[in-house]
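Here is the structure we will look at, set down as structure tokens.
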Amino acid sequence: MAAAGAEAPGAWCVPCLVSLDTLQELCRKEKLTCKSIGITKRNLNNYEVEYLCDYKVVKDMEYYLVKWKGWPDSTNTWEPLQNLKCPLLLQQFFNDKHNYLSQVKKGKAITLKENHRALKPAVAEYIVKKAKQRIALQRWQDELNRRKTHKGMIFVENTVDLEGPPSDFYYINEYKPAPGISLVNEATFGCSCTDCFFEKCCPAEAGVLLAYNKNQQIKIPPGTPIYECNSRCQCGPDCPNRIVQKGTQYSLCIFRTSNGCGWGVKTLVKIKRMSFVMEYVGEVITSEEAERRGQLYDNKGITYLFDLDYESDEFTVDAARYGNVSHFVNHSCDPNLQVFNVFIDNLDTRLPRIALFSTRTINAGEELTFDYQMKGSGDVSSDSIDHSPAKKRARTVCKCGAVTCRGYLN
């Protein structure tokens, strides 16, 4: 049995010591395929267009500078239009060019002459950067979906700027305890119900009500803990008291916001009100360590610390480097997600799991948000559990834009 907190094979990543171009050249030299860097049997000895870099007209003939998939930039060649059988890449090339010119001209009309002349170096540079960004984001998206253990798919989108994947973020599906912290994920009791919805089940043993209705929607007020059936229970996976442990069921998109809030998360499907959406996971650290890290994060203007203060204030979840999709969920003073403490296999009340449920119906395309303070809801009284992220020393300006915006995140 693996030690508590041990990572699954392949969970650790290290930076490569050579460039992608060098790796591709080495693979071709040794006749090796490597899908993750674009070297496949299909293009090992053949040429496939990866993206278009530049454009020019010579003697009334259109030429495009082609980046060949799996080949270094040094092998790029100018090809006449009639040789290219990649209509989607051609369309993407012109879309990127148009977007760049639109940004430069700040919405002014682009003339026919401007749209057909040879590209200026700045335009070509932007198109190449955008193409490389698109490839990097696709690889990151693929990596996220390989690592996730839940049903819902993860998509990545950036139509705002040239920002690529975060360089120091590692996707995890559950808490990662820091050295010296042990998570005992083994329940001390379990139910023997034949129907957990009607019988006295795990919640009753803990002295609370069953959290869900027949439609798998949460029915208890914020501040009330959720006790789900666990690995010792005799009920099966279809038990109505196994919701959070099934993971995210919705397809979500990590997207670049246009209001200066960096990355955000939106749902790609409709989410019914009071439904479980995702867990907030990260590295579990002591409150003392959280205080130290918090001072560093304040200087960077980032907020990823979340106090586990259901019963005590001993531990904090830090999602800055290790986390899941919730790492990218932005704050709002008028959020559509609400935090609940959850206990499943680990019944240590100092270490609840943090689940986010929808407060209302959320339509496809809407950004998901939660209140980093969780004190503005009328559902939480002054003596209820404080679910707020770890306390900060510097005030961070809020950009949520809500009518009820408090002006600061803390």
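Any Cβ shown, glycine's included, is placed from N, Cα and C.
Same-site candidate for Zn(2+) 3 binding, as annotated by Swiss-Prot with Cys229, Cys235, Cys239, chosen from Cys86, Cys196, Cys333: Cys196.
If you check the binding-site residues Cys229, Cys233, Cys239, Tyr304, Cys398 against Cys202 (Zn(2+) 1 binding site), the ones with a Cα inside 10 Å of its Cα are Cys229, Cys233. Over the domain 'SET' (250-373) the predicted model carries a mean pLDDT of 94.
Under the DSSP three-state reduction, Cys398 (Zn(2+) 4 binding site) is assigned to coil, being neither helix nor strand. Put simply, of the binding-site residues Cys191, Cys196, Cys201, Cys398, Cys405, the one whose Cα is nearest the Cα of Trp263 (S-adenosyl-L-methionine binding site) is Cys398. Taking the Cα atom of each, Cys229 (Zn(2+) 2 binding site) and Cys201 (Zn(2+) 1 binding site) are about 8 angstrom apart.
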